[in-house]
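Input: a single structure, listed below in structure tokens.
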Amino acid sequence: MTPPHPDRLTRLVAAVVAAVSRRPRLTLALCLSLAAASVALAAARLEYHTQRNDLLSADKPGQQRWQRYLDAFGEDDDMVVVAEGPDRARMTAALDAVAERLKQRPELFDRVFHRTDLRGLHDRALLFLSTDQIAAVKARVERMEPLLGSLSSLAWQRLNLSSLLASATVALESESEPGPADADLLAQMPAVARAAAATLRDPAAYRNPWAVAGPRTADRDDERRLTEPQYNLTPDGSLCVLLCRPRTAGQSFTPAKEANEALRAILADVGPAFPDVKLGLTGLPVLETDEMVRSDEDSRRASWLALLGVALLYFVVYRGLRYPLLTVGSLLVGTVWALGWATLTVGHLNILSATFAVMLIGMGDYGVLWVARFDEGRRLGLEGAAAQRYTAEHAGPGIVTAAATTALAFFATTLADFQAVAELGWIAGSGVLLCAISCLTVVPAALALRATPRAAETTTPLQFPTAGAWLPGLAGRPRRVLLGGAVLLVLAAVCASRLGYDHNLLNMQAKDLDSVQWEHRLIDRSAGMTWDALGVARTPAEVARLREAFEAVPEVGKVVEVASLVPADQEAKLPLVAAIQERLKTLKPVDQVPPPRVSSPAAVRDWTDRLRLAAGKHPDLARAVDELRAALDAAPADAADRLAAFDRRLVADLATDLNRLKAVSRPAPIAWAEVPEALRERYVGANGEFLVRAFARESLWDHDALRRFTAAAAAVHPEATGKSFRTLEGLDQMKRGFERAGLYALAAIVAVLLLDLRRVADVLLALAPLGAGALLTLGAMGLFGVPLNPANMIALPLVVGVGVDNGVHVLHDYRDRRGRVPYLLGAATGRGVLVAALTTVLGFGTLTTARHVGMASLGLALMVGVTCCTAAALVGLPALLRVLDERRLRRTRPTLAAKPRGAAAQAA
């Protein structure tokens, strides 16, 4: 066939290549100098933003709330030391030892927190009651004057079950209204009667019935907070945790690595002293560090495997080192240029945009296509400038179009509402163009240095010789190929319908990591222990309201704050506390209280009968008395001994409670300076605001639970922030960013293809490998049970780029070779596309050996995606083009309707 008339793009590429070929040394010197300048610029000015919140735009309301929190309270991510042992004492002792070691390394750790010690506030615990409650305690103590006055010994001796039943009976049988003292007694009697009944049934079942300072006095849990150090235990008490904040190192992608290693060394040193306690390490900084370290190990191993695989591939294909070095060299130059461009225009790399080099390795290897065409020209007898011109006219336009299409697809992602994706799109898109420029300059210049020009080449017009066909066996049966492809697409669609999206970042971690295993233990024992929503309040009153609102939410498991540790209204409470302390001044110590006269079963029986008749208007008391009488009737022979034991414990507990009340009623205020520093530095901001932490009830690694929790917390406090909100926003924005970027990229691709191919039908044909390859990829992932996740979503731009590039190269080959016989894909184009694809498959397929699940899934997605898109481009699209070409030829020249026999019928 006759060569097509070269268009402007073809003439431009040919002119650039001709200029480069005339001055190859100058070209290479300029290109390498620019590469060296890019390296120097990046080394001097490029920054690394290594935090996950750097992935989100600072203009987002959620990010602004988080930044305000950081400004006031500092970094929030804690390393978590977990202790698992036979009992609480051993676990807490082990963590005490770890805490002491951590405090000796202030350069690596701060805010060490494993226990709350409020014993210094115990003597003023009464101030934590409300003013009304303290006034009620004061009145109740005043009515206990007989036990506190000069005749207290006699009063204590007379205090027993019988006397209490008698006093309650007399109060109810009286025609007058009960006074305050009688009202207190009647309120107390149901608990006393039930405690007596329980003791008669089983002495071990006795419980303290007294409530001297109100209903909560008998429950020692609240008081225990002020009398014993409180450790961070899981609800079932099987695990105990210590929190500490690592001091991070600069712009490293593993900023907590040194602290991580030091803490593991401390655990190894402390462990032998506690052989019955297992010590583990987890927490977000640890998980992130372990993830980066493991990913680095996996990627290094994969890189060596990829290098060996690509080297073997190039040796098999090119039978030498010259062409492989040219293609790799031009790719490296373009990648280095992209690094310098990123430094100039963006100034930093984040966790996501740092992958741009990996993407360029997969999509910027245009040198493979160039040397494939150049080699074809040499095999056709062309040398020097003629071979360069042949390559420029046949491979150049496809490379430029493919690069422009892929670059615009990446640039379209800058419209996505996710900063990290936008930055990646800008850097990778620019890098693709720079790799194409490198291919059009570095490779021709290097080839020109080795060429041996002949005089005839400058005057002999370029001919279009016969070219071999790609896969002639399949090419001769296009309808069978299309039928088989259609069946595969239907099966892929069925399998793709089962494909899901896994938001759980923990599922992407390597399963054998110690930190991952300990995180799963924490989830099993206390699902939301390390996940929270953070609310900030200006006053203790606001803290109290916010705490009450959070506690009313079903998704919240626990609320922690410290504002309540400094009681409100102390000025009004202190006089009441002073009066209580004065009243209790003469109280005897417990060991000096005389024993009571014991109750006889007969007396108790008589008084319960009378009290039951008198308690008609007090149903709770009546039921308790009935329970006591039934227990007395069913009591064994030692009922008298059990009643005597009950009386003694009853008196001892009352004396103990009154002495406890005396011990917690020192009339002195509680100041903020007395709150432990470990609590103040975590819950009081630099601006004096207070932090309220609402911990989740469920594990927030689960995306549905995370969404429920953040929605509930935001409904309570619209300004809430925290790790849960950051994680949800990041996951959602990443997913939406890639989805929207895909739509924008598709629009950009269509626009560029329309400019290049000029016909809608050709645009659809060029996109066909992408569509078929994408469907086959999703079907394969659904078939093998590999869900989409935040890691393998990064594969989408690569798969799109490969699919479009391949389609463009095949369409350009079709236009070059279209003539009077049905189309067969040229061997040079097929070989170039296949080698480029195999390079990508080998480069990324080795990631499937990674132990990091996310990286392995990324490698699998890329390997399958590139394979499917390449197969669609090299097998499916040529078959479709051949069928369409046969129809075209039937319409234009009926005499040529018969199929040509073999590849020999394809002529130029």
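Every residue, even glycine, has its Cβ placed from backbone N, Cα and C.
Annotated features in TrEMBL:
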| type | residues | note |
| --- | --- | --- |
| DOMAIN | 254-451 | domain 'Membrane transport protein MMPL' |
| DOMAIN | 718-891 | domain 'Membrane transport protein MMPL' |
| SIGNAL | 1-42 | signal peptide |
| TRANSMEM | 302-318 | transmembrane segment |
| TRANSMEM | 325-344 | transmembrane segment |
| TRANSMEM | 350-372 | transmembrane segment |
| TRANSMEM | 398-418 | transmembrane segment |
| TRANSMEM | 424-449 | transmembrane segment |
| TRANSMEM | 481-501 | transmembrane segment |
| TRANSMEM | 741-757 | transmembrane segment |
| TRANSMEM | 764-785 | transmembrane segment |
| TRANSMEM | 791-811 | transmembrane segment |
| TRANSMEM | 823-844 | transmembrane segment |
| TRANSMEM | 856-881 | transmembrane segment |
Of the listed stretches 350-372, 398-418, 764-785, 856-881, which one has the most C-beta pairs under 8 A with the transmembrane segment (791-811)?
856-881
Let me check one thing: do the transmembrane segment (325-344) and the transmembrane segment (424-449) come into contact, meaning three or more Cβ pairs under 8 Å with sequence separation of at least 6?
yes
Selected stretch (most C-beta pairs under 8 A with the transmembrane segment (856-881)) from 350-372, 424-449, 481-501, 741-757, 764-785:
764-785
With Cβ-Cβ distances below 8 Å as the criterion, list the same-chain residues six or more beyond the ends of the transmembrane segment (741-757) that contact it, or say none.
9, 397, 401, 404-405, 408-413, 415-416, 421, 425, 763, 766-767, 796-797, 800, 804, 808, 811
Within-chain partners of the signal peptide (1-42) [C-beta distance under 8 Å, separation at least 6 from its ends]:
332-333, 336-337, 339-344, 385, 388-389, 391-393, 396-397, 400-401, 438, 440-442, 444-449, 451, 462, 464, 756, 815-820, 907-908
